[in-house]
């Protein structure tokens, strides 16, 4: 039987996706905490003398505490103080000694998330990525255009967040720090009474010497202190008490939570207001320009005054258009000049460059016309001031509407973050365990092992275990399960869920960033930042240098005009050949801008991942989303996946002279260290049996030599007896004879889809337990629905063939692979992939992890182990099989929506560019003015975002109603 290990009980439901392969000592001593251990693989170590030489060289380095080199394995394990030396310097020292380092650990890696300001298109996000990757110390960087965030992995020994922000600002964009990797267990406090450097030293020293504190950062200007801590050893309230206790005599210090503004919502609102104000200012000047150039001249005699000459050929209308257009070009349009400067400095062209080129061409040609008219009494020319002003106005209107729509794409994530309550009722407990007081505190001040009182109608503020009281808790906001779940002492509750009708006391097991809700939010944020492979298509298309297309259009029309390749009557009134070619070129320049292409994928992924999370399906990024829609074969594990994972013993039998009580004692002692569901079932049955017979006693039998036999069972020494508990395979592997009587019992139960757990004592089968694990009620319905989607199903299990076949027959699966160990499951997945199939694996245990990683798409049951959840691409929070269909269907709908988005985005470009280039002009006289081309470009981006928002109406394709014993199929939108 497989063993998950007791440590799983201490881990949060969802682990962070970014793990660091470096060991940090967890002792209370401050100096010990700052030691780090790194492992290097070193070449050319030929003997013990070589190893001694390396150890000697490393021992001389300041900061290296210990160095051990293995000549056989060619590895060095080095303990060092990061404040004095880093892993890179150690590597260089080894290489200077003449030994190549083949595997250099990238352990000194920190992570930060940044809010990026000023990005307008895919080219902008690529520019930010390039700037980050060129910065010293930056290992990887991912920039999300739709989310307007960047996730950066960097070496803290080389750079820090301030230098990273500087690199982004040098590239012409704004940046604010959202969080760093250390913020997961960090509390920010406002400190009162710290008025001098001496006070700061006292507070810092007190905090650094406190148990569990791993880092202290102080800002005297804001009187703010940020403390990193180990949540298993301390918490926010203990840290506040530590600050208060640091006061001596007349000096007293106090601290409370630092209240920061809700940055995401605030910045989103500021961006909306900024674009709105810029558009209104632009419209204030652009509308008069439009009226003076397009409306009044068409309404004689009301517009005749515009033709009045001021000097030579300079008219009143021309001067007014120039006056009103100039603020739009240089004040409102300043953002495009700044963006163009930074973009061209990096030898790239983004939307700012295209807009600046187009508007400058129109504006400065118009200024030339004005000057020529002022100095000549015969010159007749047409200005294009309305082109410049209207183009800027339409682009700003488009961006305003776009940010309004983009704000709605993250609604699901915002709703998740708002689920956690702001306050909680904390109970104080005395040394005897009696409750002595109750107070209302901020949920940010809660610590592990706190006792929380949750009244009816209140939200659960932590992940914890009920220790007193009974109630029903509505978990629909987390799991999507509409029916409230009964909670009694010993049951677990989830942060953000609603207590319905009873008062319960809960002991906190996970608080703050470690709660399941926080883990879900972090996972969804990471998913929305991840770039789907299909987005690479947009990135490639957006690299086409549209300026070349615009220039070629202008050049083609200009040469055709000069060479008289088209008749004079084609020319519009009051426009010469150069001006006509210029209008065509500017229109192409604007229409060809690929802004909408950059939004086609990330906006759809944002909405889909958020919608999935609200329905209990966590999709880890666009890559998983894109792979899931290609799945044609789903491989299911049996125990805990197709079955409930709560096996129970339905019969027992003796095959020896041992009494049932003795058999139960031996089985319980052997299975005590196992966390396998079958082991728990045997132990529960044994305890019930002894309790029923009145012989239940609390005693601990001496157990030695406990060993797990993967996929078979366990062996152990109980007192002087050797005990084996497991399946028939274990007995055969240990050369224990299985007689006909035992064979008959096994065969009879396997035909009933039961698993037989055999107990052997001192080389003989002494008895057996028949265990059944009920099939999930929705399993057959889900398999049938997947078949209707064109998806085949297979079962792969470590259980015996007869039981597996019986379960498969019950749920409707035709193909079964039984008695397969964990690595065998992964090999079977690879074998299926070799046949050209896209395979999804659904599992829940540690033994499923290799297969989850090997599959194209790994789906982990939310109630499964943390290892399985970490290995999976998709997490089904509700542990409900119908969500397998939901995940695949949602991915198909999302990919379909992305294709529609590309149609919207490319449609404007493909249809607009030929029209803008003048393809219809020779036949119909129709041409696309530059300002109208700007409106089309804005409409393209708005259409894409609104198209993605349609995914908000997505409905699950399959709803299983267990109470009626039938399923309900619904078409998803």
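Including glycine, each Cβ sits where the backbone N, Cα and C put it.
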Transmembrane segment per TrEMBL, picked from 931-951, 952-972, is residues 931-951
Determine whether the transmembrane segment (931-951) and the transmembrane segment (279-299) share at least three Cβ pairs under 8 Å, counting only pairs 6 or more apart in sequence.
no
In the same chain, residues at least 6 away from the ends of the transmembrane segment (383-401) whose Cβ sits under 8 Å of its Cβ atoms read 120, 272, 275-276, 278-279, 282-283, 285-286, 289-290, 292-294, 318, 321-322, 324-325, 328-329, 332-333, 336, 355, 358-360, 362-363, 365-366, 369-370, 579, 582-583, 586, 590, 929-931, 933-935, 937-939, 941-942
Quick one: do the domain 'HMA' (110-176) and the domain 'HMA' (36-102) reach 3+ CB pairs under 8 Å, ignoring pairs fewer than 6 apart in sequence?
yes
